[in-house]
Amino acid sequence: MGTLCIYWLVVIMAWTATCSPMSTSRNRLSRPASGPEDFLVMPSGMSGSLLCLECQTLLAALQQEVVVGVPYEDLVAEGIIGCAAATSMTLEYCQGYIPLVAPIVYHLLSNGTVDPKDACGEVLSSLGCTSDNPNRDWTVTIQGDKPEPMPITPPDVNSPVMKVLHFSDTHMDPYYQPGSNANCPEPLCCRNSSGPVENEGDGAWYWGDLRGCGTPPWLITNMLQHITNTHQDISYVIWTGDIVPHSMWLTSVESNLQIIKETYGIFRSFFPDTLFFPVVGNHEANPLDMFPAPGQAPSELATDWLYEELMRQWVDLLPADQVANSTILKGGYYSVLLKPGFRIITVNNLWGYSNNLWLVQDSQDPGDELTWLEDELNKAEEAGELVHLLGHIPPGLTLVEPTWTREYNRIINRYENTIRAQFFGHTHTDEFEVFYDGDRPMSVGYIAPSQTTWDYYNPGYRVYTVEDQHDETTWSIIDYENWIMNLTEAHEIGSPRWFELYSAKEEYNMEALQPTDWDDLATRMSTDRQLFDKYFKNYVKASEHFLTEGCDDLCYKERLCDMVTTDRNNMEKCNQLIGGMTV
């Protein structure tokens, strides 16, 4: 077959990662320009359906070439050529990224028959590609019938409370270099390797840069100094993943491990005695997004090295008596009883992320993780425990695997009375998702803003006020504050100034932060554009770049849909909301 067939498939099989530098996406039709969400880039004039057909044709051709023994090195070389020719990425990027992902593609094609329509339907499901493989449609066994939903009485003003700190998407870059080129053609700039500074104003700012750059270590240190001085009543910290910066074409096991160690070390130095509840992010893997299920990959392609390092780091962050028999080494997830009647459960939802090429091999509840989650929630229900649930990727993103997100939503629905709140990151923006049982709101996912500025966002963090333990506690989220610093201001005056951007109840005139209140807020925003504009300002963390770009009518509709969609197989609530909106 021709070389086009060879290199096109290597590109297409890794399409979402190669063409979408951050791999975070909701695949929205419109978005804040240059924002951090994935936005799949297809060749000019190619529709989603045409890409599906092209993917199938090329996968069949490549599989035949593997069978007849075309040398692996030739396939990689042609993949690099195709990446550079068919995408917006530079040759340097392609020379780094393709050799990282090619071993996985080659392994999948060399070990068993891969059906082209099935594989393309799995990897490119966010573009509408489909599979006829009945194994893609699976279910998790759910124990018992759903109890009658119990109404939650908002906590009394005199109820005891605790403060919980939420970090996400730190993306610290130890190679950040002030004055280096912040306008390079790669996904990550502001390094000595980013090329010469050719134009005035292209030099990287000291405290971080709003362009495609990582987070300087000293910015993280400054933030933590501010937090320990300002918020001295933090009970515990949740950290919803993504530590490694966006140098995805330059990653290695060794470099990822080093950055993970350094980042955890900095945070621990400021919170030596505080419990942390961390989550694994998609950037921690090498290459990013690639998480094989336990026992499904040869040792050189497995992620055991990552889970072993996470265990070493997390053993000092989690309650010591509950780590030894945890599932961290199996897949980077765990369940911890924090206080009597109050449990924290985390999931590694990268096993349900369609960017993960290992799903081509097996997408049926990888690692039996959702089965484990259901069982943990069932045991919590029997014990009368209430749960806060943590993950990296919000389940409403289009790049979440369709069956995985459906089954996750089934579990959330069944254990409505047990789950008090969910917490995510990944999008770099400040947002929320409401889960529904039919038309009735039943749960809320809180999506925290990022510490990184990548790209065009101010850095931020969040502090929740949570109902603490007492006889009638519901462990509800009472309120939260979002804090940011304006990076442009820090550049102009030479030092950061952290400040509270808003508190949720006051900003949005909410009586409480129960699911019904968030549903009401989404409904109010659908007919009150000024209220939505206030939300959009907070959504982009007061970024001058995005506020100047604005949010047009299509953007308005999509942000509203994001609020009420947790399963892209079911857009009914979205359609209801935008059907009654005022534009």
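Our numbering is plain: 1 for the first residue shown, then up by one each step along the chain.
The backbone N, Cα and C atoms fix where each Cβ goes, glycine too.
Feature annotation from TrEMBL assigns Zn(2+) 1 binding site to ASP169, HIS171, ASP242, HIS428. Residue environment of HIS171 (Zn(2+) 1 binding site) contains 28 other Cβ atoms, counted within 10 Å of its Cβ in all protein chains.
Per TrEMBL, Zn(2+) 2 binding site is recorded for ASP242, ASN282, HIS392, HIS426. In sequence order, SER168, ASP169, THR170, HIS171, GLY281, ASN282, HIS283, GLU284, HIS392, GLY425, HIS426, SER450 are the residues near ASP242 (Zn(2+) 1 binding site), counting only same-chain partners six or more apart with C-beta under 8 A.
The number of other Cβ atoms within 10 Å of the Cβ belonging to CYS52 (disulfide bond), over all protein chains shown, comes to 21. Here TrEMBL flags CYS52-CYS129 (among others) as disulfide bond.
Sequence annotations record features per position, and here TrEMBL assigns disulfide bond to CYS55-CYS120 (among others). Note on CYS55 (disulfide bond): other Cβ atoms within 10 Å of its Cβ, all shown chains, come to 25.
The disulfide bond annotation in TrEMBL covers CYS83-CYS94 (among others).
The disulfide bond feature in TrEMBL is assigned to CYS184-CYS189 (among others). CYS189 (disulfide bond) is surrounded by 28 other CB atoms, counting those within 10 A of its CB over all protein chains shown.
Long-range C-beta contacts of CYS190 (disulfide bond), restricted to its own chain and to partners at least six residues apart, with a cutoff below 8 Å, comprise ASP173, TYR176, GLN177, SER180, ASN181, ALA182, ALA204, ASP209, ARG211, GLY212, CYS213, GLY214. Per TrEMBL, the feature disulfide bond maps to CYS190-CYS213 (among others).
According to TrEMBL, the disulfide bond annotation covers CYS551-CYS555 (among others). CYS555 (disulfide bond) counts 18 other C-beta atoms within 10 Å of its own C-beta, drawing on all protein chains shown.
Annotation comment: TrEMBL describes 48-133 as domain 'Saposin B-type'.
According to TrEMBL, the signal peptide annotation covers 1-19.
Look at the Cβ of each of the disulfide-bonded residues CYS120, CYS551 and count the other Cβ atoms within 10 Å; the largest number goes with CYS120. Cα-Cα distance from CYS555 (disulfide bond) to HIS428 (Zn(2+) 1 binding site): 17 Å (rounded to the nearest whole number).
The recorded positions CYS94, ASN282, HIS426 differ in how many other CB atoms lie within 10 Å of their CB, and the one with the most is HIS426. Cα separation, CYS184 (disulfide bond) to CYS94 (disulfide bond), rounded: 15 Å. Using CA atoms as reference points, the recorded positions CYS52, CYS55, CYS120, HIS428, CYS551 were checked against CYS189 (disulfide bond), and the closest is HIS428. Proximity to CYS120 (disulfide bond), defined by a C-alpha to C-alpha distance within 10 angstroms, is shown by the following recorded positions from CYS52, CYS83, CYS94, HIS428, CYS551: CYS52.
Per Cα geometry, CYS55 is the residue among the recorded positions CYS55, CYS83, CYS94, HIS428, CYS551 nearest to CYS129 (disulfide bond).
For CYS55 (disulfide bond), the nearest of the recorded positions CYS83, CYS94, HIS428 in terms of C-alpha separation is CYS83.
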